[in-house]
Amino acid sequence: MESVHAVNGSAPACPDFISYTVKNAAGKVISIGLAFVFSNLSHQLLKPLSQPRIASDIAVGLVLGNISLIRHAFDEQFIDILNSIAEFGMICYMFVLGMEMDPYVIFKAPSRNAMVAYAGMVPTIILVCSITPLLHYYQHPTIGFTLSLSTTLSGSSSHILTRLITSLKIGKSDIGKLVIAAGMHSDMISMLLVSIGYLCFPTAITISDFAANIRMTLTMAAALLLQIIFTATVSPIFMNWVNNENPEGKPMKGSHLVLSVAFMAFVCSVAPIYGYSPILSAFLAGVFLPSEGRVSKWAVGKINYLLPTIFYPVFFFWMGFHADFSKFEASHWGTWGRFLVLVFITVFGKVIGTVICGVMLGFHQRESAELGLLLTAKGHFHVFLAVVGLLLNITTTTTSISIIIVIFLSVLPTPLVVSQIIKRARKRAPTQRVALEWLDPSNELRILLCIQGVHNVLSTINFMEISQGASDPGILVYLTDMVELTDQIASTLVQEGMDTVTVMDKDVTEMRDQISTAVQAYVEENGNGITLRRMLALSTFNGMAKDICNLAEDLMISLVILPFHKNRHANGTLDGGNPGFRYVNRKVLRNAPCSVGILVDRGYGLVEKISKSVSSFQVAVIFFGGKDDREALAYAGRVARHPGVKLTVIRFLLDSDSVTASRRAGNCRINAAVQEQEMKLDDESFAQFYERHIAGGHVSYSEKHVANSAETYATLRSLEGQYGLIIVGRGGRVNSILTIGMNDWQQCPELGPVGDVLSGSDSSHTTSVLIIQQHSLKGELDGVDDEFSIM
């Protein structure tokens, strides 16, 4: 990992030196430009196959780097520049890699993740150390290279695995979580081994110079230890000071930004002054720097943005240039034999280790083998090591190319392995994945609570109050501001990374500060069991629904709550509403990956602090039947636990003696089997609710026997003013006799027939309504986005 300069033939004598120089420079620019173009183009072409970017980058680099016209365009000086770019880019890559790791896990008792990581690494290291010295993979036998090759083949690229597992949508499964955690552990252990091994076998000193080797090792070790101690003790103090001086939502001060970058550069450069590898030094500095905080996230975001945008195309072109196929001894049988041995060691070592570990941990054999195959994936640092071995004349070109191809092949099958996991998981996937009705009471309820502005704060606080249920497990609320992205706001955005922007618009920041202050004050004073997180859905109205759905999916939300698009006047009536927010609400209802509620505030936000000791707030839940009403009933079960809420369950039943009802029933085409199944689920759900809440006397219960939708409408109107909040399902009723025809005069179909009646312009000005729609699957799954077990 020392800076190495490749030697190429110098430019031939030319009568017109200026013309030659211009043509040569043009050739270099075109070559690098082709690397950028084909790197991105091939990545897009391979996207349907779910191949990670590194696969296309390696292929493009090997092809472009071996085109004779391109190779002849480069002279020795430019090759030195490419070597420096590759080294500097790898320093940045390793710095970010280190910041994503927790070094203290190695001091804890081995977890299941660690055991899987060790099980995959140990057999591979044993195979490499016992087989490769006999097959002449290097020009001069060295212990250092053998250990380096063993860590290369035994390690995993956590960066590649995390992106792959997340993009293929198994990150929430047990095997997905295990792959990510074991890959991270394996990557960290292999990198620590390389870092320690460099102290004992530095590339700048040969093994024959034993005394100098010892002196250099002790010097580097002392410098590295000093760097680690300084980074682990001083950096948290410095970073916390900078973070406190630059809170979220405010522009970072330029002086603090410069100081932070200078500090990071300083802690990375202490050990290299005394001969240690700058790449490994950057990794160790990143490991011991705080990973949380605005400065750290800013640095990681910026570097992660620059790596695929600028560095990777140049890096893999550099790799392809040094992997000269003209020197690859393809005609020798020994070349292919050694290549197949490398493939065998890489795959067999990982798979046999994870299978044996799986037997000990009780995993299924097939899943254990798939786990091993996924953990064979290698990454950018492993490619870098293969090329550095060639530049330092430790390995031959044939060996380096073989290692690069093995790394390429280690990545290729991963999407196929994941597709098999998804295929089996689909067969086990439940019909209702994310619904309150099926939520385990012992699990924390995750709510994405959307808010349009300061006028929604009081209703938001009251909603959190009655929804919190028991303090254990409590609720996790992601309070999300819905902000329309206008040209004015877009002009104030500051990019802080690939996926991070800061809004500098004064109105938006003031609104968010007011909301945060009010809600946080409530949570600190009264929110026992409430965990609050702040989010932002900043988009045009066309894209806001997608952003909300993506947030709900990524955060594993069970219930999304949207404010109604109409706001309350001082006299209790509703205004004309914002058509943009109405469009967002309707689109979320169609595409949300979980249950959705729309809150119509008609005085809910004016309710004074709800008592925790006296039942003073009147709430009703209306139950006709169907999946949405069952979901509303499930949510009402949480509300019933609040000591300050007096809950009443109103069940609407068909008056079987009515002639009109019989005639209506005869006119409705209903699948008898489906109706019977739904009625069975309704009865079971209601029976459970009755036993838990109504039988104890805390929740009131009444029945309304009606014959048709006209009587239903009149009964609903009679409830006006009796309750502060009414909870109702949006629709999803198989037996719609009691609501048939009510759709004809709906003002807002997104509220459903019952919700529309209760929240209409001529309804009570004091009764708020919460309309809930239960999540249901539509079509075949793309991936498996919820938590499932397949191990």
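Any Cβ shown, glycine's included, is placed from N, Cα and C.
The domain 'Cation/H+ exchanger transmembrane' annotation in TrEMBL covers 41-421.
The domain 'Cation/H(+) antiporter central' annotation in TrEMBL covers 476-611.
The feature domain 'Cation/H(+) antiporter C-terminal' is assigned by TrEMBL to 616-776.
Under the heading transmembrane segment, TrEMBL lists 78-96 (among others).
Taken from TrEMBL, the feature transmembrane segment covers 116-138 (among others).
The transmembrane segment annotation in TrEMBL covers 188-211 (among others).
With a threshold of 8 Å between CB atoms, the same-chain residues lying at least 6 positions outside the transmembrane segment (218-238) that come near it are 198-199, 202, 263, 267, 270-271, 273-276, 281, 284-285, 288-290. The annotation transmembrane segment is assigned in TrEMBL to 218-238 (among others).
The transmembrane segment annotation in TrEMBL covers 258-291 (among others).
The transmembrane segment annotation in TrEMBL covers 303-321 (among others).
If you look up TrEMBL, you'll see 341-363 (among others) marked as transmembrane segment.
With Cβ pairs under 8 Å as the measure, the transmembrane segment (303-321) is packed most heavily against 78-96, out of 78-96, 116-138, 258-291, 341-363. Mean predicted confidence for the domain 'Cation/H(+) antiporter C-terminal' (616-776): the pLDDT average there is 79. With a cut-off of 8 Å between Cβ atoms, the residues of this chain six or more beyond the transmembrane segment (341-363) that come close are 112, 115-116, 119-128, 131-132, 135, 153-154, 369, 371-373, 375-376, 402-403, 406, 409-410, 791. Same-chain residues lying 6+ beyond the ends of the transmembrane segment (258-291) with a Cβ under 8 Å from its Cβ atoms: 1-2, 87, 90-92, 94-103, 188, 191, 194-195, 198-199, 202, 204, 216, 219-220, 222-224, 226-228, 230-232, 235-236, 238-240, 242, 299-300, 384. Each residue of the domain 'Cation/H(+) antiporter central' (476-611) gets a DSSP state, and the totals for helix, strand and coil are 55 helix, 38 strand, 43 coil.
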